[in-house]
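Copied from TrEMBL, the annotated features are:
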| type | residues | note |
| --- | --- | --- |
| ACT_SITE | D43 | active site, proton acceptor |
| ACT_SITE | D184 | active site, proton donor |
| BINDING | S18, H74, G151, F152, G153, G154, D184, G185, G186, G206, S207 | substrate binding site |
| BINDING | H41, D43, H74, D184 | divalent metal cation binding site |
Amino acid sequence: MARTYDHPVSRRPMIAPSLLSADFARLADETARIVDADWAHVDVMDAHFVPNLTFGEPVVKAIQAVSPVPLDCHLMIDDPERWAPAYAELGARNVTVHAEACTGDPRDLARTLRAAGSLAGLAIKPGTPLEPYKEVLREFDTLLVMSVEPGFGGQSFMPEVLGKVREARRLVDTGHLQLLVEIDGGINADTIEAAAEAGVDMFVAGSAVYGAADPGAAIAALRAQAAHSFPTP
Ligand code: DX5
Ligand code: ZN
């Protein structure tokens with residue numbers, strides 16, 4: 001079968017530190033500390049879809065204005081059809097909505113996000129199967145597999161989600177889907193190798209990066225560890 005995706009020759013691990021673990025009083029400085037990251041992961045929580053509240057569009061707009069790293073907005077909110085396009089319009093590189101929160105066809109929202117200038121991402125919680133979204137994902141650029149229950153940083157990685165990562169990787173490698181496979185929750189030096197082996201492209205890491213004395217060194221170490229565990233062509 002013809003490959004529409006350039007895996008595995010040029011596939012490389014990418015790291016997206018989560019600002020959820022940063023100092024919220026110094027967000028500009030905190031983005032400057034991760035200048036070598038691929039994306040800066042921004043967790044928007046509404047205290048409805050998840051039992052926690054962070055910040056919304058005005059704060060993300062302020063981060064976008066100063067961040068040297070493209071923003072990866074993870075919207076853990078109800079009614080993404082109403083709220084998500086604004087994050088694409090403010091300049092985020094990728095905007096991810098939760099499949100469980102969409103009330104309409106997620107493909108319509110993906111088209112809206114892409115038309116507004118961002119990549120379109122679909123997130124699934126640990127208990128949400130991949131199967132019902134295989135067709136829908138043809139319209140998306142990223143798939144975010146949650147490896148903790150969304151809502152809080154610093155939780156333990158759930159290895160049982162790696163089956164979904166393997167299946168998504170297979171669908172990409174066989175040309176059925178064209179997307180980045182992203183994982184979020186509990187990624188650190190102890191867990192990143194298993195996620196890399198399963199087929200993740202983009203690794204979100206909050207406490208493992210911002211909890212380190214040198215976030216830049218933590219990013220480099222995680223990236224090297226993941227690269228070491230990537231399947232060889
Ligand atoms: C959790 C968030 C994650 C969180 C990850 O709901 O979506 O992005 O920041 O934090 P760690 O890496 O500490 O699990
Ligand atoms: Zn997140």
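Glycine too: its Cβ is placed from the backbone N, Cα and C atoms.
When the binding-site residues S18, S207 are compared by the number of other C-beta atoms lying within 10 angstroms of their own C-beta, S207 comes out lowest. D43 (active site, proton acceptor) has S18, H74 nearby among the binding-site residues S18, H74, S207, counting only those with a Cα within 10 angstroms of its own Cα. Under DSSP, S207 (substrate binding site) is assigned to a helix (H, G or I) in the three-state scheme. Taking a Cβ distance under 6 Å to any atom of ligand 2 as the criterion, the binding-site residues H74, G153, G186 reduce to H74.
The residue listed as 'active site, proton acceptor' falls within a strand segment according to DSSP. Sequence-distant neighbours of the residue listed as 'active site, proton donor' (same chain, six or more apart, CB under 8 Å from its CB) are S18, H41, H74, A123, L144, V145, M146, S147, V148, P150, V204, listed in sequence order. There are 24 other CB atoms within 10 A of the CB of G186 (substrate binding site), with all protein chains counted.
Other than S18, H74, G151, F152, G153, G154, D184, G185, G186, G206, S207, the residues of this chain whose Cβ falls within 8 Å of the Cβ centroid of the substrate site are, in sequence order, L20, S21, D43, V148, Q155, V204. According to DSSP, G151 (substrate binding site) is assigned to coil rather than to any helix or strand. Counting other CB atoms no more than 10 Å from each candidate's CB, the binding-site residues H41, H74 peak at H41. Around the Cβ of the residue listed as 'active site, proton acceptor', a 10 Å sphere holds 24 further Cβ atoms from the protein chains shown. For the recorded site, S18 (substrate binding site), the DSSP three-state label reads strand. Among S18, H74, G151, F152, G153, G154, D184, G185, G186, G206, S207, the residues given in the record as binding substrate, the maximal Cα to Cα distance rounds to 16 Å.
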